[in-house]
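S.K.: Before I ask anything, here is the structure I am working with.
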Amino acid sequence: TNNIFFHITSLSFFNLLVIALEEKIITSKPGDNATLSCIYQGEELHLKNLRVYWQIADDQEECSVVHALISGQDNESEQCIHFKNRTRLFWDRLETGDFSLLLLNVSQSDKHRYKCVVLQRTEYTRVIHQAEVVLRLAASYSQPILSGPIRNSSSTEEEVTFSCRSGNGYPEPNVYWINKTDNTHLPPSELKISHHADGTYSVFSTLKVKATSNMQIECSIENRILRENLSANYTQQKQSNDSSTESHKNLEKSRRSAQAAGIISVVILIGFLVGLACWLQRRRSSTLVSYTGNE
């Protein structure tokens, strides 16, 4: 969402210029590089006549200079120590009006409102462009992995433990355990949030509850900045149904195999009886012929 508002800059005692100041919000992951946009669309520019300042617009900051370009050269004399060797302009784009700033290896301390001011010096120095960029940090968490117990008995009084883990996210998440049978929230038995060197977080949580015959448990990981909710579910009833279905399939398969074996056995038996009957018939005929001849 971009918001446009107006800033009035005094150029001289008698001259005022109204400049549209565009504000953008960008989101970066800790450890990544972020590009702060500042693009001027106007007349042709000459770098030797320009001054470009990137600064922190937050009033409470003691040092506000992020990057400065004066007459076509980087000027580091007033740059804040925190930004030393961490900022770059895109030199091949400057004369086309692209004064965007590349901020390297962003961290939590870089969350600020940044302001880009472009001044042009001709007969007098005037502001020709301004832009503001709000940099926020956020990273999506991985899909939660929910581990639940496998019920080996029909007892409903045993205590069972679920575990849920997720990682590589920012900022610290909200973790919810939910009983889906009535949508009530359950307090976690353990909640451990770890902060990694790259600035991201991982979370591990456990839940202990009394087992029931139709347990439906959900673990939800919320990222409030990105407004993301990732969840994983464990449904005991579903597992029971799956197991029952698999058993039914195996039983049906065994039944069909038994039927096939029975049919084959009957066919073999019939064949044997037919063969035996033919043999007996031939033997009887042979005996009858011999007897007639003797007479």
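Backbone N, Cα and C atoms are what each Cβ position is placed from, and that goes for glycine too.
Heads up, here are the entries from TrEMBL:
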type     : residues : note
SIGNAL   : 1-20     : signal peptide
DOMAIN   : 31-134   : domain 'Ig-like'
DOMAIN   : 144-231  : domain 'Ig-like'
COMPBIAS : 234-244  : compositional bias 'Polar residues'
REGION   : 234-253  : region 'Disordered'
S.K.: Looking only at the domain 'Ig-like' (31-134), what is the model's average confidence as pLDDT?
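M.R.: It averages 91.
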S.K.: Please spell out the DSSP helix, strand and coil residue counts for the domain 'Ig-like' (31-134).
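M.R.: Here the numbers are 12 helix, 45 strand, 47 coil.
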S.K.: Could you tell me how many residues in the domain 'Ig-like' (144-231) are helical, how many are strand and how many are coil under DSSP?
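M.R.: The domain 'Ig-like' (144-231) comes out at 0 helix, 52 strand, 36 coil.
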